[in-house]
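Everything below concerns the one structure shown next.
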Amino acid sequence: MASSSSSASQLREQGLGRLHCAAARGDLGWLRRWRWYVKVVGIDRPDQEMRTPLHLASANGHADVVRYLLRKNSQPNLADSFKRTALMKAVQQEQEECVAVLLEHGADPNLADADGNTALHLAVLSKNTAVAGLLLEHHAKSDAQNQWGFTPLKLAALQQHEEILECLVNKAADRPAQAQGERSALVVPGSHEAHLEEDNLRLQEELDRADAELQEEEEKHIQSEHCVPDLKSALDAKKREAITSSQKLQDLLEEDAQDFASENSRLEATVQQPSESVEALARALQASASGGELSQQLDMEPGTGMQLEALNQALQEELSTLLGKCEQLEKSKCQLQEEVTKHHHHLETLVLDGSQREQCTREVAEGADQERSPKLQEVSLVLQAQAAHQAPLGQTRDSHCDFVRIQLEERIRNLESELERVKNTQQESASCKEPTQGEVGMYKELYLEEVKTRRCLAKKLERLEKLLRIESRKLRVNEEKESQSQLEEMKKRYSEKVKEVDRFQREVAELSQQLDREREQCTQLEAKNQALQEELSALRGECENLALDKCQLQEELAKLHHHLETNVVDRSQLEQCKREVEEQADQEIRQKLQEVNEFLQAQAAHQDTLEEIRSSHVESLKKQLEDRIRDLERALGRTKSNQAERPFQKESTQAEVDKYKELYLVEAQRRKSLTKKLERATERLAVANTKLFLERHRSRSVVPSSAVSGLLAASPLLDSPGLGHVGISLGLSRSLALRTPPRHLW
């Protein structure tokens with residue numbers, strides 16, 4: 001439902017004025033620059049859907065524009081064609097800041113739209129807890145009913161929105177007289193039968209008990225949550241101590257390994273030194289059989305060094321395994337039981353490794369002692385034998401042997417002191433392992449306590465979940481019944497809307513046909529205008545012919561003047577005839593030219609007005625039809641998306657159709673009047689053409705006859721100076737009579 005409302009409320013700026021477009025875009029700079037335009041037009045000017053700029057700014061979430069419009073005395077409680085205020089638009093689009101600004105400036109949260117929904121209804125439908133809280137703080141009524149009898153509390157119960165439901169229930173608790181009715185309406189919102197009231201009361205009591213238990217469990221859970229961080233901090237501290245102790249053990253093991261490596265190197269050096277000294281003695285004593293056996297025994301000493309190297313490698317491998325186990329301990333912080341077991345196992349392995357290491361060191365020390373004692377005895381025997389066999393070598397060799405013997409005894413004492421130091425270090429490492437076992441026991445106790453608390457909380461949660469399942473099942477049954485009834489109503493409304501859409505489509509088809517007919521009429525009018533233009537061109541040609549006729553008349557007058565000079569005519573009669581002819585010709589020509597000029601001016605002005613009227617009418621008709629098509633498309637989109645009954649839509653669409661019918665009738669009457677005017681103009685043109693044609697032939701016939709009559713009545717006595725004066729007067733009259741009209745009259 002919220003998705004359909006959001007899709008239907010997408011604002012399109014087509015057909016909006018500049019003020020509405022700026023408010024919809026949030027262009028505060030434009031509004032400030034064009035303050036005078038806003039004052040002239042009006043801050044609350046409605047558009048085609050009766051929306052003010054405040055509606056569009058609130059729906060699009062432009063809080064700064066909303067504040068500016070309200071400071072300019074914009075009315076926050078004006079409604080659009082759907083009877084929705086700017087506050088309802090902001091709530092529907094979940095614009096929390098705009099809602100707060102409108103409420104601060106006196107927007108009424110209890111106004112209802114065409115469906116009877118208040119702003120609180122729309123907030124519950126959009127599932128916005130913050131907006132609902134703002135409306136309740138500004139005294140929005142939680143018991144207001146829409147056309148279908150639903151209150152905001154019922155809608156929140158149907159949608160199972162717990163936070164909004166708690167807010168509404170807490171608000172309703174302030175009115176104990178209405179609380180029972182509202183709570184009983186949570187379960188069965190549309191029925192008031194007697195056998196359901198008892199079930200409602202029972203369910204309400206169960207809900208109250210469940211709420212109390214939930215609150216108790218929440219308090220306990222909060223207390224346990226407060227205890228959990230302390231336990232976690234204690235566990236983290238113990239983990240850190242365990243990690244530090246393990247690091248200390250690793251350091252001790254590394255030091256032991258280094259000590260073993262140094263001892264191995266020293267043993268190798270001590271083995272190499274007596275071997276070198278013995279080899280020197282053997283070379284000096286020239287290698288006897290006993291000397292060969294001694295050299296074989298000394299060659300076995302490097303074998304013991306290799307064994308010590310192997311032991312060193314084994315200890316290094318054990319160190320690497322210990323490092324891997326420490327990494328595993330760091331990774332397994334989340335699971336306390338596994339940490340304790342792994343740590344315990346790790347400590348046991350450390351104890352075993354320490355005991356094995358002690359045994360190895362003991363075995364190595366004993367083996368070294370056992371090997372050194374017979375070797376030293378053998379060396380002493382060999383030396384004694386060599387001394388007995390080779391007595392003549394003298395005191396120098398004896399002194400050298402004594403020096404070598406002293407060096408060997410010192411080296412043996414050094415090795416014994418190093419072995420004692422290794423044993424002491426092993427005892428110290430064993431003493432360090434004892435406090436770690438106490439820490440492991442403390443970890444176990446903490447873990448067991450945490451497991452017990454978790455089990456208790458899990459049992460309480462299961463019990464609460466069972467109660468919630470029972471209540472949710474009951475609510476689902478009621479919701480299914482209501483949803484079925486609502487589905488039936490929606491189907492009926494949908495069928496009605498489909499019929500309305502079909503009717504709108506038929507109206508659009510009729511309007512398109514009317515457009516085609518109007519276009520055909522426009523083409524016919526254009527053809528008529530072209531015919532009139534052709535007639536005007538013909539009239540211009542006739543006027544040119546009249547000018548040529550004037551030239552011919554002037555030539556005839558010149559000929560008559562020459563004829564008068566050659567013939568003797570009475571001066572008075574000639575002048576009188578000349579004046580009469582010139583006056584008649586001038587009057588007739590001026591009258592005809594004036595009539596032609598007036599007719600041409602009237603025809604040009606009439607044609608201009610016709611073209612302007614036709615173009616303006618066609619453009620206005622096109623704009624009206626395009627606007628109507630866009631409005632119908634928007635109406636179709638709204639009917640498809642909302643699927644909600646809007647009874648006043650029929651009246652508005654019917655009113656719009658009637659308006660366009662009236663406009664079409666007015667346009668038809670205008671076209672009829674214009675066609676009549678065109679017919680009258682064509683008739684006048686035809687009459688004028690006939691008059692011009694007759695006058696042209698009449699003028700041609702009048703001038704020669706008057707000239708002939710003047711010649712017949714003339715006297716034979718005339719002076720030459722008088723003829724000259726007559727020529728001058730004829731020239732002057734010719735200049736007056738042959739004046740052409742200005743170019744703009746044509």
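Using the three backbone atoms N, Cα and C, a Cβ is placed for every residue, glycine included.
If you check TrEMBL, you get these features:
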REPEAT    49-81  repeat 'ANK'
REPEAT    82-114  repeat 'ANK'
REPEAT    115-147  repeat 'ANK'
REPEAT    148-180  repeat 'ANK'
COILED    193-255  coiled coil
DOMAIN    406-482  domain 'DUF3496'
COILED    454-642  coiled coil
DOMAIN    623-740  domain 'DUF3496'
Integer mean pLDDT for the repeat 'ANK' (82-114):
90
Within the repeat 'ANK' (49-81), how many residues are helix, strand or coil going by DSSP?
16 helix, 0 strand, 17 coil
DSSP helix/strand/coil residue counts for the repeat 'ANK' (82-114):
16 helix, 0 strand, 17 coil
Tally of DSSP helical, extended and coil residues in the repeat 'ANK' (115-147):
16 helix, 0 strand, 17 coil
